[in-house]
Amino acid sequence: MALMGGPDPYSEPDASQEKPFLLRALQIALVVSLYWVTSISMVFLNKYLLDSSSLQLDAPIFVTFYQCLVTTVLCKGLSTLAACFPGTVDFPTLCLDLRVARSVLPLSVVFISMITFNNLCLKYVGVAFYNVGRSLTTVFNVLLSYLLLKQTTSFYALLTCGVIIGGFWLGVDQEGAEGTLSWTGTLFGVLASLCVSLNAIYTKKVLPVVDGSIWRLTFYNNVIACVLFLPLLLLLGELQALRFFVQLGSAHFWGMMTLGGLFGFAIGYVTGLQIKFTSPLTHNVSGTAKACAQTVLAVLYYEETKSFLWWTSNLMVLGGSSAYTWVRGWEMKKVQEEPSPKEDEKSSMRV
């Protein structure tokens, strides 16, 4: 949600640097806290909607469909408000163009797969294991960057990927030892990780089609998702399951469903906000720390008891992810500091 003065993650935070240190520290603390609360709340709420014994709703595709519908309505609503109040709300104009939709369609298929596999993974595994189950995103980033973009990765970055893979397998082993392993959920987690990586790669390719607007791309992805989910709901029998769902007329149920959609929409906004007030590197570190806090909260909330090796697997995944972020940041900084060949020629000519 890009309101007036909303976040632009690609803008330079010059204005914030002129503010007093305490004010900047307070802003950063509030933004990071907002990101943590939104992200963690969304995961716990989705777990409730997907796999709650009190709700007893076996319709993960419908839950995902409804969240996409909420995002579509919010995007269109904000676009309308921006047109009516141009001095108050800043949001891109959204009009459905079939030619643009055809260009976005391949990415939308990846996007649909990503959010569906994410929710299916969360349905079948516990919140505590959810982070480990989807931990291979970094590994797929490296693999797909080489296969699709021909980009090589340094030895140290590959070493951190090895730590992540080791943590993943140890986590799977420990879940199996405790009798709580779901191979179905684990498979969906691996597929979700693959789709997250593919989504990041194809988003860069498709952005020019929507004039570089993330919100316009979000609108198209969710509109197409709503259309493609309809035959899936029919084929998988979820519409039939909804007919016999006891709480279909419950205001509490629809309130929770709508809140889940709001959190799904808000996470994009607070992510951009956190990047704006910190940096992409700090955002990744914050995301890793958030995953750690989320795991601890899940173990406490669901009153679970985990072994030392189970916690070790989580630390390996989190540590490997943090190390990869640090290595890539260090490598990028090193490349930026190295003088280009043209600059070397100019300096030699001056001598």
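Using N, Cα and C of the backbone, Cβ positions are placed for all residues, glycine too.
In TrEMBL this protein carries:
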type     : residues : note
TRANSMEM : 21-44    : transmembrane segment
DOMAIN   : 27-307   : domain 'Sugar phosphate transporter'
TRANSMEM : 64-88    : transmembrane segment
TRANSMEM : 100-117  : transmembrane segment
TRANSMEM : 129-148  : transmembrane segment
TRANSMEM : 155-172  : transmembrane segment
TRANSMEM : 184-202  : transmembrane segment
TRANSMEM : 214-233  : transmembrane segment
TRANSMEM : 253-273  : transmembrane segment
Ranked first among 21-44, 64-88, 100-117, 155-172, 253-273 for CB pairs under 8 angstroms with the transmembrane segment (129-148): 155-172
Same-chain residue ranges lying at least 6 outside the transmembrane segment (214-233) that approach it to Cβ under 8 Å: 2, 61-62, 64-65, 68-69, 71-72, 75-76, 79, 91-92, 94, 96, 100-101, 104-105, 107-109, 111-112, 115, 203, 206-207, 239, 268, 272
Outside the transmembrane segment (253-273), six or more residues from its ends: residues with CB under 8 Å to it: 1-2, 6-9, 31, 34-35, 38-39, 41-42, 45-46, 48-49, 55, 57, 63, 66-71, 74-75, 214, 218, 247, 283
Beyond the flanks of the transmembrane segment (100-117) by at least 6 residues, Cβ under 8 Å: 60-61, 64, 67-68, 188-189, 191-192, 195-196, 198-199, 202-203, 205-206, 209-210, 217, 220-221, 223-225, 228-229
Close approaches to the transmembrane segment (64-88) from elsewhere in its chain (Cβ under 8 angstroms; 6 or more beyond its ends): 1-2, 4, 94, 115-116, 119, 215, 218-219, 222-223, 225-226, 229-230, 233, 257-258, 260-262, 264-265
